[in-house]
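Visitor: Here's a structure for you.
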Amino acid sequence: MRFTFATAGTSKDEEVPRIRSAPDFCQAEPRFRRAVVLIIDALKIDFARFNAQNVAPRPFENKLPVLEEVMSSQPTHSRLFAFRADPPTTTMQRIKGFTTGSLPTFIDVGNNFASSAILEDNLVHQLGQVGKRVVFMGDDTWESLFPKKFHRSLPFPSFNVKDLHTVDNGILQHLYPTMEGSDWDVLIAHFLGVDHCGHRFGPDHPAMADKLTQMDAVIRSVIGRLENDTLLVVMGDHGMTDTGDHGGESLKETDAALFLYSPAPIFPIPGTQTEPEVVPQTDLVPTLALLLGIPIPYSSIGQVLLTLFPRDKGSSGAPAHLSQAEALWINAKQVNRFLETYSQMAKDIPPESLSLLRADFSRLSSQYLSSAQRGHPPSPAVAAALQGYLTAVRDTCRASWARFHPLKMVAGIAILAAACMLCLAVSELPAVAGEGRALRAPLVTGVGLAGGVAVVQLVTGGRGQGRGPLGALPTLFSVPLLVLVLRCASLLSDSYVVAEGRVATFLLCSLGVYVPLRLNWDGLLLPVSPDPLRPPGAHPSPTLSPSAVRRESLTLLACLGVLVGSLYLSLSFHACREEQGACSPSAFLAPLSRVQDSGLRNLHYVLSVASLTAWTFALRRWLRHYGNLNCSGPAVFAARWLLPAASVCLALHWAVNSTPEESFRNLSELMGLALVALPRAAFSSWGWGRPSYRASTGISPQAELHHLIPQLYQRMRQSLEDGEPVGAGDGGGGPAVEAYGLGTVYSAPLVVLCGLLGLGLLMLHPEGMALSFLLLLLEAAALLRLHSSSTALALLQGAHTGGFSVPWTPVLLWALAATQFFHATGHLPTFPSIQWGAAFVGFPKGHAGTLLPATLVTLNTFSAHILFAVGCPLLLFWPLVCEVRGGRRGRGVVAGDGEEGEDAVMEMRLREQPERFSSALLQLGARYLFIHGAQVLASVCAAAILRRHLMVWKVFAPKLMFEASGFLVTSASVLLGLALVMRVDVAVGRWFKKLLPEESRRRGRPAQALESIEENIRWTDNTLPLLEGGAQGRTTPCPCLREGPRVALQDPKGLKL
């Protein structure tokens, strides 16, 4: 924590005791009257160095020869330093750092989207206070940070990282005319082309060579226009990684370049003085302030760069200028003033450290003033002691601003732990109660009961039996919870966090292998062989033949093989952290525009389009197989046309985006239009493809009236008049009514929504991630089938306990898959890994605000969390979907009563017990959120316990921020998926009420029921499901009903249609 001060330093604060009749600092002529500051965004030190022996330079090497030429020909006029930034290495924080001299924190990183005005004292404010005219041109971030502070400003939009030239070309149009004029004192130009080139192509690309060559020409032209009283500062605000990203604290990101030049000699002869190899960015603030003759900003903790000041008055030939000792004294006095003010207000600097610093300054002040009164310059020992004092103050401030409050941290952890326990209690409440009706009880009573039972269970570690409370809760030593504990414990190790992608893959694979092993341990994986020695009734009653058990077991093992294969292949798409050393990032992470080999680029494009086609085909094939494409409506239209249309738009967008700009210069306007229209057309599929449900036959109302509806009506009339249930005579060749599509009425909209979401999220990623998204689809399908097969085996062997509750194992597998594919889509819990280019997909010219780009980047970063959270209810539906077996006719179903050959009910079984359905849905969502909440709690504990760890700011703090953000996104996505299921359930319930009013049936008046049915059929002929009717083998012609499994419809009161 750090307080900020709006107080500004004044000239009186900088007064220096007179030495040899030297003029006062406030009245002395500054060393430089003017300054030109060229900020080349992301100019890392490697870009500025020149190696003449490098005969085969890379695109970013040896592209700024002007710096080496000037330093060789004019060694006393120029210097090149490594310019080290403090993390976070984002542009806004760096501008704040080298204008105020303070230390921004990771809390400020969010302001990189929406920068607010700097209220602290800063160089721009001080320049304006003394009447200097500051002219700015370039990155419009400066306008947000320093509103109305410039004499003249020419800002250009900066957030479009794909635009390499707009800002730079705009600067060049005004830079040279401004320098040749006289209406400026300090000129600031902030170029963005190098930074944007790094984000778009990376540093190792010909485009980077072109941009650096352009900057070389700019520096040459500026040097040629400088006057003797003008200082040139060429600097980078931060560096970049090998992939062109920045934001973290690796040396590649923090070490920028600082080049200083003056037409007049200013530096000592090389080798005569000790010069620093690395200059902290905060040191630029007091240095520029004293060179330009303005007060040092009030809250600066930087230290002057002594090589820019003469050792004594006589050595420079300009006695009016400050010496090194005087510059150090002014700097120390300013820092001491800030330290005293800050310590009185903040009270967070340790008293013993503050006492030592005060004693040091008092001693140094006495020594310096004593030398000044005698007319002698301070000794070198005093100057060295002043440097040590400035360094000690900076170190103390760094430590103080990183102080923690243990009590508040413990309170936060306790609140978060209580929230997790509450979520666990809610997740077990339906199981404890046994029936969904208990949910209508007061929430406090239910939560208290579940929480108390949970505490007892965790303390005793016992295994309850039956339907009692202890038997409903998971035990402490169950394998799924043990895996969750291992997952959370791994977050307390920096090595495991660094290798989190492989750790999550290992846990997911291990838990997947555990499923068949546990089934085999329980004797459910293979058919039960009866033991003649055991009494009758000692064996579970299998509901199907051994061949069905073997078939289901083979299906389970095949899905496990698909899961393991998908996990293995997904490792090829992982990115690399700096801590992983020789790790090479996946070639698929680079956009196609970065691939220079045309053959390799075409191969990647073909693979991406093939993966996209497979994604679309698989989703459409599943929907068609279950009869969900046989009618009209928004959801069917989305599944039938929007999925392919969005895929085509996405493939065309990839082709246009990966085409080099110079290939079709005559079609540049058309290409630009395509970059806007194609992604926005794909985005629009989200709105048009909003899943909904409206039961319909899928044919014309005339066909319904003349063929299907009369048969349904006659069948119901006959059943009610005879007093026998509908369907009792099905085996005798009587009229039969079959419904298509209702068996997947809940899961189909979720599949459509996840398919459209997947395409939209894929568009925000590099083209090569299409292969990874296809693996995500395969992995999700394998997990769902693994869960349904294990459930089916329990049913087949007669060992299923009944109910719709989803066990912990598949829920934990689903949550681990979200984490695993977060890494398999090229993401890492680090700031440099954020794919900022996602903000400009469909918006190549940038945005007017910050909400939309921030949303797009969030969708890109947490795409795996979103897809798995929205699809979480599929874990509840998939065992019901996979009940159907056999051919299209006469499919069997695994039913609870042990009958075989009964018509499949599938997801309509949920309508038989709507209260238990709601309870199971609530339980599933609560369990999924509990798993993610436990991971957030573990990350909080890791950051709190290891707050003094060397890697806390590099590993644990970013991990906490990503984990917390991912939990928020996951929570919203789970609510979206549950809301969609509830919406479909309401629509299905409304349809049942229209088909057969409950009140008439409950009162036992068949005549009124028939009249109501006849009236409803007559006026609402579009409210029926997909139907196929027939008698004595005669089937009503209906070409739209040739695909999809049939479903025998059961209404809530038991009437079978």
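A Cβ is built for glycine as well, from the same backbone N, Cα and C atoms used for every other residue.
All annotation found in TrEMBL is predicted automatically rather than curated by experts.
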Visitor: Out of 34-52, 471-489, which range is noted as transmembrane segment by TrEMBL?
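Guide: Feature transmembrane segment in TrEMBL: residues 471-489.
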Visitor: Under a criterion of three or more Cβ pairs within a distance under 8 Å and sequence separation of at least 6, are the transmembrane segment (553-571) and the transmembrane segment (771-788) in contact?
Guide: yes
Visitor: Could you check whether the transmembrane segment (966-992) and the transmembrane segment (862-881) come into contact, where contact means at least 3 Cβ pairs under 8 Å with the two residues of each pair 6 or more apart in sequence?
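Guide: The answer is yes, given that the two segments have at least 3 Cβ pairs within the 8 Å cut-off.
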Visitor: Cβ under 8 Å to the transmembrane segment (926-946), counting only same-chain residues 6 or more beyond its ends: which ones?
Guide: 404, 406, 409-410, 412-413, 416-417, 419-420, 423-424, 426-427, 484, 487-489, 491-492, 494, 497, 806, 808, 811-812, 814-815, 819, 869, 872, 952, 956-957, 959-960, 963-964, 966-967, 970-971, 974
